[in-house]
Amino acid sequence: MDTAEVILSVLVVVIIIVSLLSNVLVLICFLYNPEIRRQVPGLFNLNLTFCNLLLTVANMPLTLVGLVSRAQPGGDGFCQIAGFLETFLSTNSMLSMAALSIDRWIAVVFPLRYHSKMRHKDAALVLGYTWAHSMSFSTVAACLSWVGYHRLYASCTLSNARASSRTQFVVFTVFFHSFTFLLSFIVLCFTYLKVLKVARFHCKRIDVITMQTLVLLVDIHPSVRQRCLEEQKRRRQRATRKISTFIGTFMLCFAPYVITRIVELFPAVPIDPHWGIVSKCLAYSKAACDPFVYSLLRHQYKKTYTDILNRLLKRSSLNADYKHFKI
């Protein structure tokens, strides 16, 4: 292994560890807090967490083995199953992010009608579509033997070794990424930009009220006035930062891999093998980012895992005191 491959191997290990720990923590919070389970977005987060965990456990280690050994991990049948699973899970996770953005759009743009428009039954229908969409593409690829070991990505993924079906594979690949990555990206942009527009409108109204109040309070201390103005600025920046994070992480992690998959359809365009693995690592890193982007940095999840940690520490402290007392 050269230096670049060693660095990439370490990167895959780090992604596996972070993804495993963070997604397990999200799952623990979901099971621990009944309020999170009652909320509709919790179902989408649970589905996303499930996909990320399974991808972390089932596919990422195989990529690590393929990268280290420079060979296919397992036999052809085993690799085909792994490739089917990766296609299904990656597609499902993208569509789950789109579903979360639709939920936020309805909650912010139609707040009075949210509970009638997005019920648990509606969320189950949306998740049913994500599973049907993911299963259909994965099944077609598996039935046509378009999943297997791909040396460029050191992974069991979409691959076509037969020259006779090259045209069909090109059409399938373009169609697949258009109706998965591109569709999810368009939904994310549409919904979150609508959310940002509404958030900025509300911030503007609050700013007008705040400025009117500051004008009336002529005797207010300059430091208090300055803090109010700074809070206005932070409030506007906070909404933009959140939306940029949702869309930016999606593009940063998935776009390089999808673009590489499209470029490789043209044999005349050479692709560096190290870049193929880097793009795969970026796609895998989304599984490690999602728990922080969608769950763990929210107040409700922070409070939940803080309560769990406090209970564990308190219990450990009580056990230690009890043992000391017995001694």
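Each residue, glycine too, has its Cβ placed from N, Cα and C.
Please treat TrEMBL annotations as automatic predictions, because they have not gone through curation.
What TrEMBL annotates here:
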TRANSMEM  6-32  transmembrane segment
DOMAIN    22-294  domain 'G-protein coupled receptors family 1 profile'
TRANSMEM  44-68  transmembrane segment
TRANSMEM  124-149  transmembrane segment
TRANSMEM  169-195  transmembrane segment
TRANSMEM  243-263  transmembrane segment
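Sequence-remote contacts of a segment are chain residues at least 6 beyond its ends whose Cβ falls under 8 Å from one of its Cβ atoms, and for the transmembrane segment (6-32) they are 42, 45-46, 49, 52-53, 55-57, 60-61, 63-64, 67-68, 274, 277-278, 281, 284-285, 287-288, 290-292, 295-296, 301, 304-305, 307-308. Within its own chain, the transmembrane segment (44-68) is flanked in space by residues 1, 5, 8-9, 12-13, 15-16, 19-20, 23-24, 26-27, 30, 74, 79, 82, 85-86, 89-90, 92-93, 96-97, 99-100, 103, 123, 126-127, 130, 149, 153-156, 277, 280, 284, 287, 290-291, 294-295, which lie at least six positions past its ends and keep a Cβ under 8 Å from the stretch.
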